[in-house]
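Asker: Grabbed the feature section from Swiss-Prot, which reads as follows:
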- 841-862: coiled coil (COILED)
- 743-759: compositional bias 'Low complexity' (COMPBIAS)
- 857-880: compositional bias 'Basic residues' (COMPBIAS)
- 668-701: region 'Disordered' (REGION)
- 741-768: region 'Disordered' (REGION)
- 782-801: region 'Disordered' (REGION)
- 849-899: region 'Disordered' (REGION)
- 37-74: repeat 'HEAT 1' (REPEAT)
- 155-192: repeat 'HEAT 2' (REPEAT)
- 194-229: repeat 'HEAT 3' (REPEAT)
- 231-267: repeat 'HEAT 4' (REPEAT)
- 268-305: repeat 'HEAT 5' (REPEAT)
- 308-344: repeat 'HEAT 6' (REPEAT)
- 345-382: repeat 'HEAT 7' (REPEAT)
- 384-428: repeat 'HEAT 8' (REPEAT)
- 480-518: repeat 'HEAT 9' (REPEAT)
- 536-580: repeat 'HEAT 10' (REPEAT)
- 590-613: repeat 'HEAT 11' (REPEAT)
- 614-656: repeat 'HEAT 12' (REPEAT)
Amino acid sequence: MSSLYAPTDEVKRRLRPFGLFFEKSLKDLIKGIRSQQSPEQLHEFLTRVLSECREEVKHADFNMKTNAVLKLTYLEMYGFDMSWANFHVLEVMSSTRFQQKRVGYLAASQSFYKDHDILMLATNLLRKDLKYSLSNETVRMGVALSGLSAMVTPELARDICEDLFLMLHSTKPYIRKKAVTALFKVFLQYPEGLRDNFEKFVDRLEDDDLSVVSATVSVICELSKHNPQPFIQLSPILYQMLIKVDNNWVIIRLLKLFTNLAQIEPKLRVKILPNVLELMDSTTAISVVYESINCIVKGNMLNSDDYDSAVACLDKLHDFCTSNDPNLRYLSCVLFYKIGKINTDFIANFDVLILRLLVDVDVSIRSKTLELLEGIVTEDNLVDFVQRLLKQFVDVDKICVNDQEFSIDIPEYYKSKMIHAICKITAMKNYANVTDFEWYIALLSDLCIVSQDLQDKTLAQKLGEQIRNIMVKVPDLRDRTLAQIVQLVKSEDITARLPGVLKECIWCLGEYSSLLDNKDEYILLLAENSKLYEPELQQTLIPAILKIYSNWCNESVVDTGRIKWVTERIITPLEDLIISKNFEVQERSSEALEFLRLCLDSLSEDASDSLPLLLTEVLPSFFNAFELQPITSGTQRKLQQSISVDCDTPFLTESELEQLLADDTSVDGIVSPDVSDTESDSEMYVPGAAPKDKGSSPTHELTTAELEAINERRKQERVGNPFYLDDADVGSVKKVDILDNLSNSKPSSSGSLVRLSSESKAKEKKKKVKVRVISDAVIVDGVNTADVTDDRPSNTPSARNKIALQLKNKLDSFDFTKPRDEGDYDPDVDLQKLREKFAQQRLLDESAAAEEEVVVVKKKKRSKDGSKSSKKKSRSKSKPSSKGGDTAEAELLPGLTTE
């Protein structure tokens, strides 16, 4: 009867040999986690389970210890550190039972890589488990090899490398295959092992078992991604395997391997390419065909003039793009893009296929197809492609599945990518594919409208740049473009949502303000709204107002009183901008404010009807000194590197300075204020010629012969210069009414702001005429625009949230030509360091225990009664602690040597 009242722990201990456990298993842990209702309850539950595992893992029973290690391994995935239990994991690894050993290796693969010291203790255990014997079955060796691959370090790889090479000669194909795959991680950490045992490893390519050959080819393929140089010598063997092997998996791995090798050895192309093309035609396996094309493209085997190989690849990809498998269609689009980058003529005839892919049910395929447009767009199909893309902003695509219709949701990132793609294909090659620029101007306006609801901030900048480029590069349509710009500036939605577009539009208004009729009203509009704009926009607004103000003041008929009133209206908002938080706005507003105040004082002092020189001569000289020319983005930054500034030579000598001060004539180089942007192209300042009749300086009348000579010389200078318009072109530029150009637009209440001076308002049906587009200027010979970097933000998504799975290895930078040095490594050094570390740790523990015992004895000496018993108690408490430590250490060491 006494057994009925035995302690609970004793009953559990007796029942465990029969397979009856009362501790919580991994299944109970998972059920408990799923039953928690809140994060707080889950955290409390996990903390309680972790404390239970800390007690269970110290138990002498290996079943309980294994169960605790298994639960700790699961909790490690929740972020709980289990490195404190590494010694207990090592004990479980040393168990003779396969189930317990497997749990130990699983836990070791998750925690041992953080602690190199414990791996040094586990080296002998690994070597013992890797040796085949009657007591050590094949599956046990497989578990050890799998665990080794997950926790290998440079030191462990060095110690275990020879044992793995011995396993390559095992009679069991399973062992040879597992050993080959384990060598992959070993070679990454210890490339000397590959260098010293290269022949032994390569011999597995001729193994009798196909699985071993497949594993060897796979390992070589993965190693070649890091350092392909040592495997080039294997090309003849691999080539013969590619011809003879029938296994598709091995063929795919061989093709991937040749892809890596051909990138550094161009001579392989001549030998490999014909066989790959033959394999691509003979096989029916889609995976092999795709990998063959990928090998040709990524292995640099396809030259830009090899049309036969390109056609063979593209025909196969065309069939893949019509497949029902969306994954195959996407991968085919990727290869289409890579082939198009080699030579765009290769994919020029696949416009029908690309049009079909642009409306694919899979949006990811549509997104990838957008990258193909650059290679197939011509002036004949540009409009079709753009219209197909614009319809996706308006129409709702539907798909029918099981007689049910589902609408295709177009994500925002794809809409942004469509707008970027439209801007790219229309502007490429200096707008060579655009035949109707009026259509293109209307297209940019539509894109501005559909971009208002998108969050991509780069769209506004991109569209604004396109509008600005049209104004600069297409002078024949500046009036039409300016009419569209006026509508965009008036739009409140553009002002609020697309400040990047508004910035470029305001710049165009200022730069080409001579085409505007009612300039004073534009000045007032921009000045009044200056407070509503962002600082980046205000930086452009201030000089734009001055440009419009300059052209307006120098018109033929302007009331002086009106000029004074408008000047005062400009000064008021500028006084508010000088206290802006943006330094650039402060500087520009201060400069403009001081100059306008001087102009206002000059207007007040001068009682005559003529304007002061500040308005007629000085202000126009700020902006009309040079003809604006388009240059490639980034050229100015590249140009600064080639300019040398001489800071030693004086700018003017004393005699030249005295002569300059004594000269009372007008300053050379000032452009007449009466000349507009287009008129300035046909009139040029001539030294010695009299300026306009604005001042009182003496004039010299030129004879007819002199004028003809000057005109002839000017024509000769402008021959071949694309940045000057011919006289016929200048005369053909008409200033038409913007309201007439925008006849299809809705009438606005502020229609007076959009009038242009018109010479003829007759409406005629316009024909599509190829207009002249100004090319980018070459500022300095020798500046390579290909080397110019662009610092503007890219619309490529950032990769900061991606998980970096690339592990550190020594194979990438290892030099296989370096001979082996026998004195590189002394195996006793690391062992001696470990012994010294443990000895130092033991001394620290003993000193801490001794100090604690002395303190207790001193305290107990003060009391006379019970001093001996107290000393005995203190010593009895201190001694078991040391014995317990020795016992734990003694228990660990036998566990490491248990058979």
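Yeah, the Cβs are placed from backbone N, Cα and C, and that goes for glycine too.
Note that this is a predicted model, so its numbers are computed, not measured.
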Asker: Please work out the mean pLDDT for the residues of the repeat 'HEAT 11' (590-613).
Answerer: 86
Asker: Can you break down the repeat 'HEAT 5' (268-305) into helix, strand and coil residue counts using DSSP?
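Answerer: Tallying H, G and I as helix, E and B as strand, the rest coil: 28 helix, 0 strand, 10 coil.
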Asker: Counting only residues 6+ away from its ends, which parts of the chain sit with a Cβ under 8 Å from the repeat 'HEAT 6' (308-344)?
Answerer: 273, 277, 280-281, 286, 289-290, 293-294, 296-298, 301-302, 350, 353, 357, 360-362, 364-365, 368-369, 371-372, 374-376
Asker: For the repeat 'HEAT 3' (194-229), how many residues does DSSP put in helix, in strand and in coil?
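Answerer: Across the repeat 'HEAT 3' (194-229), DSSP assigns the residues as follows: 30 helix, 0 strand, 6 coil.
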Asker: Could you give me three numbers for the repeat 'HEAT 6' (308-344), the DSSP helix, strand and coil residue counts?
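Answerer: Secondary-structure composition of the repeat 'HEAT 6' (308-344): 32 helix, 0 strand, 5 coil.
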Asker: So which residues does the repeat 'HEAT 5' (268-305) touch in its own chain, when a touch means Cβ under 8 Å and the partner is 6 or more beyond its ends?
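Answerer: The answer is 235, 239, 242-243, 248, 251-252, 255-256, 258-262, 312-313, 316-317, 320, 328, 331-332, 335, 338-339, 342-343.
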Asker: Summarise the repeat 'HEAT 12' (614-656) by DSSP state, stating how many residues are helix, strand and coil.
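Answerer: Summed by class, the stretch gives 16 helix, 1 strand, 26 coil.
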Asker: Could you give the number of helix, strand and coil residues in the repeat 'HEAT 8' (384-428) as assigned by DSSP?
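Answerer: Counting residues by DSSP class gives 28 helix, 8 strand, 9 coil.
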Asker: By DSSP, what is the split of the repeat 'HEAT 9' (480-518) into helix, strand and coil residues?
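Answerer: Across the repeat 'HEAT 9' (480-518), DSSP assigns the residues as follows: 33 helix, 0 strand, 6 coil.
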Asker: Where DSSP helix means H, G or I and strand means E or B, what are the helix, strand and coil counts for the repeat 'HEAT 4' (231-267)?
Answerer: 29 helix, 0 strand, 8 coil
